[in-house]
Structure formats: structure tokens, C-alpha cells
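Student: Here's a structure for you.
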Amino acid sequence: AAAPKVAVVGAGVIGLSTALCIMETWPSCSVTVLSDQFSPNTTSDVAAGMLIPHTYPGTPIHVQKQWFKETFSYLFAISNSTEASEAGIHLISGWQVFKNIPEEELPFWSDVVLGFRPMSEAELQKFPHHRFGQAFTTLKCDCPPYLLWLEKRLKATGTQMYTRKVADLWDLHSEYNIIVNCAGLGAHHLVGDEQLFPVRGQVLKVHAPWVKHFIRDGDGLTYIYPGIHRVTLGGTREKDSWSLSPDPGTTKDIFDRCCSLEPSLQEAQDIKVKVGLRPSRWCVRLEREILSQGRVQLPVVHNYGHGAGGFSVHRGTAKEAARLVGECIAALQGSSSRAKL
């Protein structure tokens, strides 16, 4: 049988890592990435790329933990290689602090990150408004370097990448055997998913090279994430807001909130404001579907809806999507051998 042609729609962290996993798992495939936006213009480019999971109410915890674990080991291996700096991946230590003691003192991911422990009294003195905290070391992917590194890996495997706005998955059925939908928020129109909604995030990228540790308020709204060149200050979670324009009032609010956690940020220079729309739903949509028009069938694998937690689980969900693509390949080969009988 001819090599199956796979189209991956979307070139954020989910689309690129899914395409890479498909190539690594099914090297006989030909894979093409189609997207109307590539780095640096994707939602993933706005993300800080911190590996601190966001909990999906609709996905079983053991599944989320597996996704996170696979992603953490994959990136940890890169962080220990000579590729680390080009891929923008580094270990980062810091604190998550709470004004009130959280119900769950040990989150499900506490044994995946490194050195997770309660903060000492001495450490908590740095945060006079907070009563409790957790210290740990995790990984951070700097964007866009990580996306560019993924693109480079894909090009080395012979994957084609085209700038193309896909308005309807059926437009692809004459050229491709299997479609992988990693369109993020674009899936709202592309497959009419009404459960998908934007959660608007506004962040500041600032120059403050003296800030070396991450600090995150336990409510997840205020955070300081140092990258290799700039520090990401956040943030906002505005449900159902589609606006990509920075709001000056929000910029001031974010800056003030971050300065109350880390007063030295008053001296931060060269503040750039970025906005991204997180593709959110009650659970990641990761499943296989057969679309049909009359007697024509189009196998589709969906992998989107990661919301605020895409970086933390991207490799784990990409592996699962690649497994589902394998099921599609087997079904295609089964039907083509039946057709020959």
C-alpha cells in the first residue's frame, strides 16, 4: 500500500509536537503541517511554557498525570543534552505561595516535578501576605525557540509545512488519507465545537535578569516566570473574551500584582505586552472520529482544547494522538486489502 498521507492542521506546540510524534512512531507516513499561523504568531508563542499542570475537570487524573509525566521526561532529557539551549529548555526552581492553606497540599503532579516540599518559615518571610507555600524545581520551554526547534526537527524528517487556512476538513480529503486536528481555538469554527471557548491571557515580557526563581500565586492568576532572556509576568484568565488587543489598565494591574510578590520588579525595563487566547474546554479533546459524506469516509484524529495547560502535557497528548493515527492507518490498510479481495 502507498504511504499514508497525514495532514496536521495547526502549528502551535500541540500541532508541531503531534506531527513529530507521528513521524517518530510511523516513519513510513508522509506528514504535512498546514496552518494559517506559524511561530512567532501562534498562541503558544505568548505562553510562558512552564511545566505546572492545569487540571482538566473532564479528564481522569491518572491520564493527566501520565501526559504530564511523559512530557516532563521528554523535556528533561532534552534539558540534559547539548540541544538544551537551542530548544530553549531549562530547569527552573521557585515557589508557589498561598494566602490560605489549599485543600490539597499535595497536587497530583508533586512527585513528577523535582524536589517538591513545603516551604520553610524562613522562605515564607519573603511573602508576608501568604501563609503557606510549596517549593519545587520544574522545566520551562522558552517560546519561540522551542517551536522553532520542533520545526527544525520536523524539516529534518522530511515533513512539509505550508501556510494555509483550512476552512473545512473536507477540503483536504482529496489530498490526504488522515487528518489530525490540532487547530486549538480554530476548532471552534473548523469542527463547530461549541464546548470550546477562549480564556484570554494578557502577559508582560520584561527585562529583569536578576530574577532567577519563579513565583506563582496559588490562585494561578499572578505569576513571575523567568526565561532565558526575559521574564514573563502575568496574568489574566478572561473567559469568553476574544480580544487580542492589550488593555492598558490590565497591564498596570498585572505589573502591580507581580511587584507585590517581587518588589524588585519595579526596576524592570523594556516592557512588552502580549495577548493570547487559550483554547479551553472542560477536557482535552483527544479522540478518533470518522467523518462521512455519502460513501466517502475521512478519518480524523482530534487533539485540541488544552487551555492553560498545553505545554505541561503536550508530549503526552501528542503520543496518544500518534497512537490514534496508527489505528487509522491499520483501518485504512484493512479496508484497502478488503477492497482488493
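Glycine is no exception: its Cβ is also placed from the backbone N, Cα and C atoms.
Just so you know, TrEMBL annotations never went through curation; they're auto-generated.
According to TrEMBL, the protein has these features:
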- T43, S44, V166: FAD binding site (BINDING)
- Y223, R278: D-dopa binding site (BINDING)
- 5-324: domain 'FAD dependent oxidoreductase' (DOMAIN)
- 1-19: signal peptide (SIGNAL)
Student: Could you measure between S44 (FAD binding site) and R278 (D-dopa binding site) for me? Cα positions, answer in whole angstrom.
Tutor: 9
Student: For the C-alpha pair, I'd like the distance in angstrom between Y223 (D-dopa binding site) and V166 (FAD binding site), rounded off.
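Tutor: Their Cα atoms are separated by 35 Å.
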Student: Taking each of the binding-site residues S44, V166 in turn and counting other Cβ atoms within 10 Å of its Cβ, which one has the fewest?
Tutor: V166
Student: Roughly how many Å separate the Cα of T43 (FAD binding site) from that of R278 (D-dopa binding site), to the nearest whole number?
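Tutor: T43 (FAD binding site) to R278 (D-dopa binding site), Cα-Cα distance: 7 Å.
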Student: Round to the nearest Å and give the CA-to-CA distance linking V166 (FAD binding site) with R278 (D-dopa binding site).
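Tutor: Distance between the two Cα atoms comes out at 20 Å.
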